[in-house]
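Student: Below is the structure I would like to discuss, written out as structure tokens.
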Amino acid sequence: MLTVPFGEMKRAQPSFLNAIESSVDRRRRPRPISRIRLETLLADDRQSCVSLPQGSTMPHADAVLDEVFGDQYEPEGAVMEPKEEETVKVCLRLRPYTKMGGRMSFKIKENTLIARCQGENLSSSEKHYTFSNVFEDNVSQAEVYDCCIRPTIRPTLGEPGATFLTYGTSGSGKTYTLLGNEGQPGIVPRSIEQIYEELYDHISTEPSLKMECMKPIPLSDESVLDELRKLRTIKTRLGQGCEESQALISDIIQSQHQFQPLDMGDKRVFIWISFVEIYNENVYDLLNLDGDYGCKRKPMKVLSNDGNAYIKGLSTLYAGTKEDAYNLLQYGLQSATYGATDVNSNSSRSHSIFTVTVITHSVSTQRISQSVYKFCDLAGSERLKKTGTFGDRLKEAQKINTSLLVLGRCLETVHKNQKTKKIHDLVPVRDSKLTMIIQSALLGKEPMTMIVNVYPTEEFYDENLNVLNFSSIAKQIVISKQPKIMKAPHSTRYSFFLSQAMGSPSSKIDTNQLLVEYENLKQENDRLIAEAEQKNAEIDCLQKKLVIQEFQLRNELTDNFQQHFANMEESFQLRIQSAQELAILPFKHQMASLEKKLKSKEQTIMEMEDEQDDYERKLKAYEEELNKYRLQQSRVRRLSV
């Protein structure tokens, strides 16, 4: 520890980059963090004024006050440590090694892994790594889930959620631990089964509530229909063959765990799912339905709101049933990036993060809470000589190793800052997209569980040592429980009485009066607590009555509006009918006059037709007479000749 001579100590200069914490006074004076408790003075296990031995002197009032209020103030720069430190849970899982003639490089002793290379490094000392749990190669997926994941998934308690990481070298079994196969499901399918089976009776069938930018947003009817349409689109694209596989996986998990529904009262649950991958330090949405297959994907931005990271424009789809959750998981896996290397024929070339958001809404209290569970499948760290990567695979490996290096730096910085009372270094969460997304877990704000996968062979001894060193740092990180900062106690009857009792010269002989007053205050406190509980019960009853009255009022208003609209519709129909009749009336008169004119014209036409017939008859008679005259003239001419 570096010491500075007293004469060389300088006053700290104010910083304009790092703002003063809200719990620190401008003049850097300590502020109270808890209230005064009189019981600490009169506890049996502490020395009080009554139990002073003969010949001893009464301690000074300031000394007693320092003892009472010593735990109440926090010095400048101090870090609140939780009473029960909860560290990051790091579990080790060994992959089965079936190569003939190979020798194990590791030994297991309870929860400790002893690493010692049996080749060139015989002279090196053994290295011991302690884990929360160690699972050998014969441990089943169900045991791993029960020990590592199941106790952490507690959406009904209003906790912020948790982050689960699978970490290890390429080909060590990370994806198998996370996803498994049809016969041995991984932790993600088992988590889906646990969430949906325990919350079965309270999950809403319609997605009417959603979280956007860390804020609850009620959805309109059009948005609800759009979300349901997206689920139907994904189901159509997957086809009909996945239902049998999902049913088989569900039956296997249920037979191994037997999840039971939980009683949550009047709470409603909304479950939303998102799925992203980080490929070459770009974030891509695996549940995007707008783009076509084969088209170039658009990278997304990672933003932060009050220290909580979120991805702008990320597709978060509603999963009202576990079948919907399985469909979303399978659809996202089809879009993930995989590639072949010399170590693994189906190696993950990206970090994938499957997120399940459980929103809980209490109908009676109108309180909304959410629990976010992130399942991260980290791409394996690679050594280029062994994986044989080149070209695009080489670029992918470089990006993967860089992001994992940043992750290790973040964990190391957090651990270093937690060991001392003052924060020395800034955690570089912004140096990588992976650390930005999971920064809440890295900073110790929420539980984090890391399952370290190791392939126990001499060939990967050096790579496994790097993985173990990384995990040993992660295990020492403390999950901080945010302390409730209380305001400074005001001048109340209690504090006034205490200060008078401790500061008066007659405090040596007023202990009986102090005890009597304490008992009176205790009884008054109990009475006030009982009264407060009674008032809370009355408030709950009134809230329920208010909800019922509001429901009845809404129904009455709905009925009144429906009747009013029906009356308005009837009056409008009458007005429309009268308006139509008034509009048709002048046209009826015009039609009558036109019909009269038409009849007169028809009569005239008939008379003219009769005259035409007479003229035609007269014309025929004239033609006949003309023909007779011509015949007579022709005869006369012949006789004259």
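Along the chain as shown, residues are numbered 1 onward.
Even glycines carry a Cβ here, placed using N, Cα and C.
I grabbed these lines from TrEMBL:
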- GLY168, THR169, SER170, GLY171, SER172, GLY173, LYS174, THR175: ATP binding site (BINDING)
- 511-545: coiled coil (COILED)
- 591-639: coiled coil (COILED)
- 87-477: domain 'Kinesin motor' (DOMAIN)
Student: Applying a 10 Å Cβ distance cut-off over all chains shown, what neighbour count does THR175 (ATP binding site) have?
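Tutor: Step by step: centre on the Cβ of THR175 (ATP binding site), count other Cβ atoms within 10 Å, giving 24.
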Student: Suppose we draw a 10 Å sphere around the Cβ of GLY168 (ATP binding site). How many other Cβ atoms does it contain, all chains included?
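Tutor: The answer is 28 other Cβ atoms.
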Student: If you draw a 10 Å sphere on the Cβ of LYS174 (ATP binding site), how many other Cβ atoms land inside?
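Tutor: Its Cβ has 26 other Cβ atoms within 10 Å.
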Student: Taking the Cβ of GLY173 (ATP binding site) as centre, how many other Cβ atoms lie within 10 Å?
Tutor: 21
Student: At a 10 Å cut-off from the C-beta of SER170 (ATP binding site), count the other C-beta atoms across all protein chains.
Tutor: 24
Student: Within 10 Å of the Cβ of THR169 (ATP binding site), how many other Cβ atoms can be counted across all chains shown?
Tutor: 25
